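Taking it in order: structure first as structure tokens, then the write-up.
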Amino acid sequence: MMAAGVSRFRGSLLGALLGDCIGAVFEGHTNVTKEFLFDYMKSLDKGERLKRVLTYTDDTAMARSIVQSVLENYEFNIEDLANRFTTEYNRDPDRGYGMAVVHVFEKLGSGEYKHVFSPAREQFDGKGSYGNGAAMRVVGISLAYPRIPDIIEYARTSGMLTHASSLGYNGAILQALAVHYALQGELAPETFLDQLLDHMKEVETDKKSRSDALELEMDEFPYCNKLRKIKAFLAREDVTRKDIVKELGNGIQAFESVPTAIYSFLRCLKPVSELPSELTNLQRTIAFCILLGGDTDTIATMAAAIAGAYHGEEQIPLNWKLSAEGYKDAEDWGEKLHQLYCRRLQSTTS
């Protein structure tokens, strides 16, 4: 396996950043009109937003912590990551963190817990969170580790810091795998989905994954079922936004947002009739996610992380990039992650 070019690494981090920043403007809107969205995007094109920088949310704040941790610790270090999450929250708490994860950070910072996973396991009467917080921040794992077993292990482990339910951390695994395969370049959507399905079948066969799904009165293998639904949707020309929200979701649960992000990326590989033809694939992906409503910042950040890894930074207009808080860090870290990825790849093949 050859390493992808640095443009894909920078593109993935910049895409994730822009998906979060732009998606946050529309989060929670029940009916985002195309006219309003397109006018907003035109203002970005013209540079009208440069005077007032678009700020990122907790999605990017935690993604930044993962990136910094994997860059500064050659071996994955869960204690370091836990400390970074807590320190970053205490430094800048007004990023839109949910109360559940705030309680985890408060407990981690108290010094009263011997194991870093214990606070997350106490959440929701011991069931743990199955939200999308673990998935929204995981992009750095995919960009630091070329081997599938490492991606799965570290996506799971990093997720378990805040999401003890397998439905939460399995969503992080799926998102991390999607970014990984997007990094590899040209790939037929069906092949892309088949590869994800092969891995998620194995991930979802463990006892906890099956019991967690049944406890929520879901079918076994919820992520595999969603991936099959994506396949079916891609084979149709008449899929509406209402269909997507009903079958894939647009909520804060991981299983109602990670599959939606993957579908949005794949759907936007081709022109979408209701979106302006002049948009790049990556811009189209962000716009498509926003029009679905709901948890727009998180779905857009995940979808754009995948799209950026696939298409590269060339698809990001300069004024879009310049409008986002932290874009220089994303560029710099993308280059450093590319170097780290290449070193690891070389060590596995030598």
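Count begins at 1; order follows the chain as displayed.
For all residues, glycine too, the Cβ spot is worked out from N, Cα and C.
Remember, predicted model here, so these are calculated numbers, not experimental data.
What Swiss-Prot lists as Mg(2+) 2 binding site is Glu27, Asp295, Asp297, Thr298. Close to Asp297 (Mg(2+) 2 binding site) in the fold, though at least 6 residues off in sequence, lie Gly19, Asp20, Cys21, Gly23, Ala24, Glu27, Thr57, Asp59, each with a CB less than 8 Å from its CB.
Under the three-state DSSP scheme, Asp58 (Mg(2+) 1 binding site) falls in the helix class. For Asp58 (Mg(2+) 1 binding site), the number of other Cβ atoms no farther than 10 Å from its own Cβ, over all displayed protein chains, is 25. Positions annotated as Mg(2+) 1 binding site by Swiss-Prot: Thr57, Asp58, Asp59, Asp297.
The substrate binding site feature in Swiss-Prot is assigned to Asp58, Lys127, Gly128, Ser129, Tyr130, Gly131, Asn132, Gly133, His163, Leu216, Ile252. Mapped onto three states, the DSSP output places His163 (substrate binding site) in coil. For His163 (substrate binding site), applying a Cβ distance below 8 Å and a minimum sequence separation of six or more within one chain yields Ala120, Gly128, Ser129, Tyr130, Gly131, Gly133, Ala134, Tyr169, Ala172, Ala254.
The site 'Glutamate flap' annotation in Swiss-Prot covers Glu27, and the record cites similarity to another entry as its basis. In the three-state DSSP assignment, the secondary structure recorded for Glu27 (Mg(2+) 2 binding site) is coil.
In this structure the C-alpha atoms belonging to Thr298 (Mg(2+) 2 binding site) and Asp58 (Mg(2+) 1 binding site) are separated by 10 Å. A straight line from the CA of Asp58 (Mg(2+) 1 binding site) to the CA of Asn132 (substrate binding site) spans 12 Å. For Asp295 (Mg(2+) 2 binding site), the same-chain residues lying six or more positions away in sequence with a CB closer than 8 A to its CB are Glu27, Asn132, Asn250, Gly251, Ile252, Ser257.
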